[in-house]
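Take a look at the structure set out below.
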Ligand code: GAF
């Protein structure tokens, strides 16, 4: 891939100079959904698909971007002194946002860049193509300009740019997984303290399978931001009766004891999900460490129900995929993964039933929705790195 992209880079921008190549992965979250902006835990892993970037510095302050995923846009030209979000600029708002965020944090970007991007994460699948592009850009700037910034900070800068430049109030999970992922491991992250541990995902006779619904409902970002606001409203009300910093501080029991302080029924359900999902995630990691994969699967199923009924981030197509999976022998657990409102499910499936899983679900889903689902048997890869 590196050679092919470097050749394309030379074709576009000419040869010579110090041309560098980078990769930042997408992620799949195993459990711990919508907990990362509620002070809870998450358990994602980095994928082997993601975003590739080739870059070379320029002598002036110009920026030139080209994406093989958006050939029709051609070379997009802008400059380091023009870092403002702009609808026409499409995908380039993500790397521009990261550059803006670096400068905001006081890291000077002394000169411009020529950049070529290629991503192999399916569009709109919810497997974090934008977070991987942000982390890729952060790593590129860190390496090319020799900026002394940790990869955790690169993740935080990516999140900051997404929140403040691109208008989605996401948590830290996606950028963190892309920056800090580790081959064959999931990252058990406390999103309040940013303390994390790697947990080996050795499933013996099972695979992680992602099913792409190929559906993405509109208004995803605004619905996501609404969920965040509703959770925060619930937190404010709970704080009047119990001394907590985040919803992640609460046990299920404490929540049940104090939930009547939340006046609005919808906000109460949002908070319930955040509290219970956090506890499920902690239990699920413990189950994995004890090789109790059946319990891990049951917690995944409960996570789905909670997102469907209390957090309301699922949709018909995703519920169908999950319910079809639950009916099949050999499926240990299945749930919606990522931000929601379409995108993907994640399932743990016994190796000898993976083919049946793909055929049976693919066929039933096609018959009922007219959509062609896609399936990926997951390899867990490393976090962002130079190639
Ligand atoms: C999206 C967000 F970007 C993450 O921060 C996280 O909140 C996730 O949805 C839901 O768990 O991927």
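Along the chain as shown, residues are numbered 1 onward.
Even glycines carry a Cβ here, placed using N, Cα and C.
Residue 174 (active site, proton acceptor) carries a helical DSSP state (H, G or I). Listed in sequence order, the residues of the same chain lying 6 or more apart from residue 174 (active site, proton acceptor) and placing their CB within less than 8 Å of its CB are 27, 44, 128, 130, 131, 132. According to TrEMBL, the feature active site, proton acceptor maps to 174.
TrEMBL lists 33, 34, 35, 36, 224 with the feature substrate binding site. In the three-state DSSP scheme, residue 33 (substrate binding site) is classed as coil.
Summarising the annotation, TrEMBL assigns ATP binding site to 67, 124, 125, 126, 127, 128, 129, 130. In the three-state DSSP reading, residue 67 (ATP binding site) counts as strand. The Cβ of residue 67 (ATP binding site) lies under 8 Å from the Cβ of 73, 91, 116, 117, 118, 119, each on the same chain and at least six residues away in sequence.
The Mg(2+) binding site feature in TrEMBL is assigned to 130, 162. Around residue 162 (Mg(2+) binding site), the same-chain residues six or more apart in sequence whose CB sits under 8 Å from its CB are 94, 97, 130, 131, 134, 168, 170, 175, listed in sequence order.
The domain 'Galactokinase N-terminal' annotation in TrEMBL covers 7-56.
Restricting the average to the domain 'GHMP kinase N-terminal' (93-182) gives a pLDDT of 96. The domain 'GHMP kinase N-terminal' annotation in TrEMBL covers 93-182.
The domain 'GHMP kinase C-terminal' annotation in TrEMBL covers 284-365.
Sequence annotations record features per position, and here TrEMBL assigns site 'Transition state stabilizer' to 27. Taking the Cβ of residue 27 (site 'Transition state stabilizer') as centre and 10 Å as the limit, one finds 31 other Cβ atoms among all the protein chains shown.
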Neighbour count, 10 Å Cβ-Cβ cut-off, for residue 128 (ATP binding site): what number do you get? 30
Can you tell me how far the Cα of residue 126 (ATP binding site) sits from the Cα of residue 33 (substrate binding site), in Å? 13
Would you identify which of the binding-site residues 33, 36 has the most other C-beta atoms lying within 10 angstroms of its C-beta? 33
Here the binding-site residues are 124, 125, 127, 129, and the Cα closest to that of residue 33 (substrate binding site) is found at 127
For residue 224 (substrate binding site), just give me the three-state DSSP call. helix
Those binding-site residues, 33, 125, 130, 162: which ones have a Cβ sitting under 6 Å from ligand 1? 33
Specify the nearest of the binding-site residues 35, 36, 224 to residue 124 (ATP binding site), where nearness means the distance between Cα atoms. 224
